[in-house]
């Protein structure tokens, strides 16, 4: 009589441990990468896309021209570093989702998006652009689905979903001309501008929802600091509305089509959420919210889209990365 075959679980344990070790390594790598990525992304936003363009409106002496050249150079260095670090960040996300968790429906679209962004200079626009927007939409839909399925209160899921839907609206708006040209349809589409404005409304309402879910219990100092940011924006808009609106479009992508108090209120509450989360040691949330700011609405570069994707992924992770409470 033959002996029954026994199943050896040790190889399975070894593979599981290997996947866990890979995930821990890349999780630690991502946590180490995040501060540098945040700093470089803020330089890209505040220097390259804001200060250097604001300087266009200022009369320049020879000394100011030299200073402007140095400012422009530092912004370009920051933007280059931000793009490189964002590439490392999304690559780490692919490894974490694929090798550790086996979530192929998120890892594969991100990998495809990275490959299309890298191959874009070598592909004709008729192939590169539709593929890029297709992968970008797939990634955003996958992240939105993950948000919907999160085991968190409904207010948190809604707060995280609104920025994701805003990015979906902006991506579809940007993809529409390419799609219409590819299919030889007469354009531009009538739904493009309304969709863009809906996305802008989602940005404003998303800031309020994030505050309600994550920042409404902030302390008094956080409220005061957030009020300063909103006051600066309101003062700039009231002093020079046309110039302020132009700078906001250049730096962040918002057109200020809604009444300006809505944007001031959204900036105030968003700032309260960031500062309050920082003061309570919630680094993961702070990093994500800062990256969303740096990404802007309707990002023009693939690196800026990566900022937003990394931010949404961090928000879905919650408190996966250790945070040390501030005294």
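Glycine too: its Cβ is placed from the backbone N, Cα and C atoms.
Heads up, TrEMBL stuff is auto-annotated, nobody curated it.
Feature list (source: TrEMBL):
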type	residues	note
TRANSMEM	29-47	transmembrane segment
TRANSMEM	77-96	transmembrane segment
TRANSMEM	103-123	transmembrane segment
TRANSMEM	129-148	transmembrane segment
TRANSMEM	160-183	transmembrane segment
TRANSMEM	195-215	transmembrane segment
TRANSMEM	222-240	transmembrane segment
TRANSMEM	260-278	transmembrane segment
TRANSMEM	285-315	transmembrane segment
Intrachain residues whose Cβ lies under 8 Å of the transmembrane segment (129-148), provided they are six or more past its termini: 105-106, 109-110, 112-113, 116-117, 120, 123, 157, 160-161, 164-165, 167-168, 171-172, 174-175, 178-179, 182, 302, 305, 309, 312-313, 315-316
Contact call for the transmembrane segment (29-47) against the transmembrane segment (285-315), three or more Cβ pairs under 8 Å: yes
Beyond the flanks of the transmembrane segment (222-240) by 6 or more, those residues with Cβ under 8 Å of it: 215, 256, 260-261, 263-265, 267-272, 274-276, 279
Recorded stretch, among 160-183, 195-215, 260-278, 285-315, maximising Cβ pairs under 8 Å relative to the transmembrane segment (77-96): 285-315
Residues of the parent chain within Cβ reach of the transmembrane segment (195-215), under 8 Å, 6 or more residues beyond its termini: 153, 155-156, 158-160, 162-163, 165-170, 172-173, 222, 254-255, 257-258, 262-263, 265-267, 269-270, 272-274, 276-277, 282, 285, 289, 297-298
